[in-house]
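J.: Residues or ranges marked as active site, proton acceptor in TrEMBL: His131. Taken from TrEMBL, the feature NAD(+) binding site applies to 32-52, 113-116, 238-240, 264-266, Cys282. Summarising the annotation, TrEMBL assigns Zn(2+) binding site to Cys139, Cys150, Cys198, Cys201. What TrEMBL lists as domain 'Deacetylase sirtuin-type' is 7-294.
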Amino acid sequence: MFVPAHEPAHESDCRRLEKFLEDKPHILVLTGAGISTESGIPDYRSEGVGLYARSNHKPIQHGDFVKSEATRKRYWARNYVGWPRFSSIAPNVTHYTLARLEREGRISGIVTQNVDRLHGKAGSKQVIELHGSGFDVICIGSQDERGKGCNYRIDRHEFQNILDQLNPAMEDNSTSMRPDGDVELSMEYVQGFKIPPCPQCGGNLKPEIVFFGDNVPMPRIEKVVRMIIESDGVLVLGSSLTVFSGYRIILQAKELGLPVAIVNIGATRGDPKADLKISARCGEVMANLFKPAR
């Protein structure tokens with residue numbers, strides 16, 4: 001229900017992509033929300049079915065989360081209710097195919113804009129989560145005079161158990177899931193929600209997700225740059241490349257003279273720079289890619 005209207009993929013599309021990949025054993029793959037819509041996770045921008053098209057909801061801003069207790073309470077209440085569904089979502093054919101291509105030595109690694117950890121569930125090993133992950137919780141307490149902050153971290157499943165104990169009467173009265181795993185809830189369910197402070201410093205806890213308005217950590221950016229330099233091309237799957245952190249990978253690849261292929265339903269910001277563009281559902285294309293001989 002979250003995949004936008006599209007034309008079916010053609011056999012020739014799969015063969016063109018195979019030809020693009022076959023002499024490049026160090027392809028870097030960039031994946032976006034468009035590959036996870038096929039697993040049942042909505043995205044923000046898909047025409048007609050993305051969150052922006054279905055509601056007037058705007059994603060949480062980093063500054064608001066840091067500054068506002070009410071914003072943190074609203075976010076965590078919604079995330080708490082949505083977590084059992086979000087965390088149990090399974091990978092789809094695109095995730096499993098990429099894991100297979102990695103094992104076969106056809107791709108060197110994956111940079112994903114998604115926070116759902118579906119690549120890891122599918123078996124991929126070389127994955128950089130560009131925008132972090134909803135599966136870890138960190139402290140964002142204030143830094144000391146040396147610029148060193150609290151290093152507290154907890155697995156999101158463990159954090160859910162703590163929230164269960166603090167909010168025993170909380171029920172799932174949600175209406176829809178959002179791209180980062182939180183859900184719609186009425187304010188009456190949000191107001192009484194309890195969030196624990198960091199047990200080490202008393203600071204505020206946040207999912208290890210790069211919210212809108214925040215910056216991708218520099219060490220992560222540097223690691224992505226190294227992967228681009230060591231690659232022999234970039235394959236984009238399911239991303240409109242609207243967010244600059246993803247589009248920057250295309251710019252850097254082209255600066256190095258590397259070829260770029262894009263598979264996405266509809267236009268992307270990177271289309272003018274692509275050597276190959278296929279407008280189709282990723283799962284349909286990937287399911288027919290380098291099929292093992294029977």
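Residue positions begin at 1 at the first shown residue.
The backbone N, Cα and C atoms fix where each Cβ goes, glycine too.
I'd like to know what surrounds each of these features in this structure.
T.: The Cβ neighbour count for Gly32 (NAD(+) binding site), using a 10 Å radius over every protein chain in view, is 25.
Note: Cys201 (Zn(2+) binding site) has non-local neighbours Cys139, Gly141, Cys150, Tyr152, i.e. same-chain residues 6+ apart with C-beta under 8 A of its own C-beta.
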J.: For the binding-site residues Cys139, Cys150, Cys198, which Cβ has the most other Cβ atoms within 10 Å, all shown protein chains included?
T.: Cys139
J.: Rounded to an integer, what is the Cα-Cα distance in Å between Gly40 (NAD(+) binding site) and His131 (active site, proton acceptor)?
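T.: Computed Cα spacing between Gly40 (NAD(+) binding site) and His131 (active site, proton acceptor) is 20 Å.
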J.: Over the domain 'Deacetylase sirtuin-type' (7-294), what does the predicted model average in pLDDT?
T.: 88
J.: If you count Cβ atoms within 10 Å of the Cβ of Gly40 (NAD(+) binding site), leaving out that atom itself, what do you get?
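T.: Gly40 (NAD(+) binding site): 15 neighbouring Cβ atoms within 10 Å.
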